[in-house]
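Taken from TrEMBL, the feature Zn(2+) 1 binding site covers Cys419, Cys423, His455, Cys458. Per TrEMBL, Zn(2+) 2 binding site is recorded for Cys446, His452, Cys478, His481. Residues or ranges marked as compositional bias 'Polar residues' in TrEMBL: 361-370. The compositional bias 'Acidic residues' annotation in TrEMBL covers 371-380. TrEMBL lists 414-491 with the feature domain 'Recombination activating protein 2 PHD'.
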Amino acid sequence: MSLQMVTISNNIALIQPGFSLMRFDGQVFFFGQKGWPKRACPTGVFHFDIKHNHLKLKPVFFSKDSCYLPPLRYPAICTFKGSFESEKHQYIVHGGKTPNNELSDKIYVISAVCKNNKRVTFRCIEKDLVGDVPEARYGHSIDVVYSRGKSMGVLFGGRSYIPSAQRTTEKWNSLVDCQPHVFLVDFEYGCCTSYILPELQDGLSFHVSIARNDTIYILGGHSLANNIRPANLYRISVDLPLGSPAVSCTVLSGGISVSSAILTQTSNDEFVIVGGYQLEDKKRMVCNIVSLEDNKIEIREMETPDWTPDIKHSKIWFGSNMGNGTVFLGIPGDNKQAISEAFYFYMLKFTEEDGNEDQKTFTNSQTSTEDPGDSTPFEDSEEFCFSAEADSFDGDDEFDTYNEDDEEDESETGYWITCCRTCDVDINTWVPFYSTELNKPAMIYCSHEDGHWVHAQCMDLAERTLIQLSEGSNKYYCNEHVAIARALHTPKRSLPLKKPPLKSLRKKGPGKILTPAKKSFLRRLFD
């Protein structure tokens, strides 16, 4: 076990709680950055590269057939065995927060399709969901179970905003626990089925989940309604016969009270739980070893890492799993100093690097972190150069270093979205346009066909109008589509206008009409 401090090149402020790490072929990749990606790197996904405990950020690319992947905080993420020989595994991403504090209900499948000495190319596909589609949420877990030669995703827990009908200006961002339902998701067809299990009484968020074969273990978590972190331990078993799946839940003893912990795998049958919170303002400084064997689970405390004084005294900490028994941790900087970093970062290693990337067990875990302030607005986006990788590299850099001045043609990735043809908002300068906006120019959703986002500034919308349209379920159509929307509506029937009768005075003689001057003269004469 070793704890090492990591130095950051620059733009460290973009790394904040809620990011996620993915590991492909021994390399670690980061997404969920603070703020929206800039034009210079529209994907917002970066490769972590570490040499001598120094981290650098290097951008990755997405294939042209990829969908847009927004920077999501606190999503549910897990690995999934790919169906193609060239893809060892894929990552499944569900839910999470956008930089606008909106919640996502989408599922993305991310796979590495190309890697050379200059760059890594990913493919991101959005899966269409049908059936009992889980509501938008964050702080939940998604795992994959394997039974009878088939696989299925299992989604549980999380937090969501209160229903739209109950949202007011004062309680717009109020949060509630999601219902304690278990969702099975077929990643091939996108079919979702909800299950109500009597053993699961409370909705839990920021829990720990471990998947092994056809079983998932749920540990700890936080109940927002009761503000408790119960020492729960559930075992959810999923059987996938030819017919309908069978889902059952068993309550086990020996659980632990923890939320927002990080889970890392150290061997085929062993995991380590790191960090988390016991109470709202009390970190959990002990680590636990979780052993799985013969459909049994055992949790025991292990030797405490040699925490630094900064880690011990910090009020919050956060991080994610880097794979191969390595955890990436962050703590707030010292605000007492005149010049202080926003966060300091450490790598905690529980195993020695042996270069063996392949794990011989299909296990997935939720490594969520708890937001220290759910209502805290994100700041304006900046470029950031940051990266971490569990394996040490020898020799020269294999990847281009990310440069803020590199304005590559985004047509290569097909990744950036503009709001309209005449959009004149500088996408490189995310300055709030209205006081109601948190971290980028105010935007509003156009309801035409599949819908799309447009800047309120480009649509000439006043702030008051924007607030009115954001309340309730009012539909809005942008300048380019408002004419189409009007044409689809049947116009209201209106009575014909009554016109005063006009006496046609004609001269003697056929076809002769009096001039206006003569008409006026005759009216005065007869009056």
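Note that Cβ sites are derived from N, Cα and C of the backbone, with glycine treated the same way.
Annotations in TrEMBL come from automatic prediction, not curation.
Within 8 A of the CB centroid of the Zn(2+) 2 site residues Cys446, His452, Cys478, His481, the other residues of that chain are Cys420, Tyr445, Ser447, His448, Gly451, Val454, Tyr476, Tyr477, Glu480. Burial estimate for the binding-site residues (His452, His455, His481): highest at His455, by number of other CB atoms within 10 Å.
When the binding-site residues Cys419, Cys458 are scored by other C-beta atoms within 10 Å, Cys419 scores highest. Taking the domain 'Recombination activating protein 2 PHD' (414-491) as a whole, pLDDT averages 69 in the prediction.
Around the Cβ of Cys478 (Zn(2+) 2 binding site), a 10 Å sphere holds 21 further Cβ atoms from the protein chains shown.
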